[in-house]
Amino acid sequence: MEMDKELQLQTTDVDRREQNLHRSTIITQQPQHSRFKNYKWWFRVFLYIIFLLAGQSAATLLGTLYYDKGGNSKWMATFVQSCGFPLLLPLIFYVKFTEMRNNVLSETKPKVSTIVSLYVAFGLLLAGNNLMYSYGLLYLPVSTYSLLCATQLAFNAVFAFFLNSQKFTALIFNSIVLLTISASLLAVNVDSEESMGIPREKYIFGFFCTLGASAAFALYLSLVQFSFEKVIRRETFSVILDMQFYPSLVATCACVVGLFASGEWKTLNNEMKGYQKGRVSYIMTLLWTAVTWQISSIGMIGLVLEVSSLFSNVIGTLALPIVPIFAVVLFHDKINGVKVIALLLALWGFLSYIYQHYLDDKKIKADKSDGLEVSRGELEIC
């Protein structure tokens, strides 16, 4: 009997050692797996950042070139912001095929009617938003337009707080205040703009159109994040492409209706003939504007899915120092003291949020590290 008990105890000890060894192996392997996933995540985020910065900067400058060289159709300028969606079709087919081959399927699919309603609502919101941006780009110098777009971040912080449960810290509040002051400085900068041949009424109209478009765009980003989390509940690249393709289709249809209803389609032929750079340049300007807006939108929606709507807007705000510099070189925009101060305040507001994101990331890593130490401590006790 005593021999049997000793054998049982030895067997139990061996089993415990094997279990502890297995658990310790899992713990040592988990950080490596997590690290690998982290690298892939950072690569995707970096790629989306490049798409957003390059696409947004190029699209803004091309839109300005269109107006500067003789273009005058607001609906055409709105149309090209969404009409490039057919370029996504080959990529959509490839991604869908790859996901089907790898059995990447959604366990819970939302109703078709819900998805259709979502895409239609987003498309109409985008059409109205793009039209307001077109008026702003027509009636404002590109440097003023770009700096005024910084208010997107302030609006987005408010919408993200209510719709996406975004933390409202002191640094984010500081960012909102600074960007609001920056926009207010531009609002009182009318006299210097009149010297560039922009009437006061049109400047004010362009100012409020851009401000309204910034608010609408911030609402759009927060609603996209909300729909990803509560309705679609999937995190794949095809979801990003769908969210870009179908709302763009609806927005393009709305723009076509607006183009014909306003009668602007009658002037397009004369506009192309009178374009200072020639017909080919006119077509290429509109074509590449459409392409760059699609690139920008993929980056924007990708960041919303991977991080948050607020982070996506922060990266969009990062293009602000880039666009005015190119605008001074290419379009001879004037940068006066008020604009320099507004630009510095916008950068300060941007850096405030980036620092907040750094603190949040640091806290998450510290919490994970503490959890890992606790698990190892429990193993040592066992």
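First residue shown is number 1, and so on along the chain.
Cβ coordinates come from backbone N, Cα and C, glycine included.
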- Message: For the feature transmembrane segment as recorded in TrEMBL, pick the matching range from 73-95, 142-164.
- Response: 73-95
- Item | When counting Cβ pairs under 8 Å to the transmembrane segment (203-224), the leader among 73-95, 116-136, 245-262, 282-303 | 116-136
- Task: Sort out for me which stretch, of 73-95, 116-136, 245-262, 282-303, has the most Cβ pairs below 8 angstroms to the transmembrane segment (45-67).
- Result: 282-303
- Task: Give the one range among 73-95, 116-136, 282-303 whose Cβ atoms make the most pairs under 8 Å with those of the transmembrane segment (245-262).
- Result: 116-136
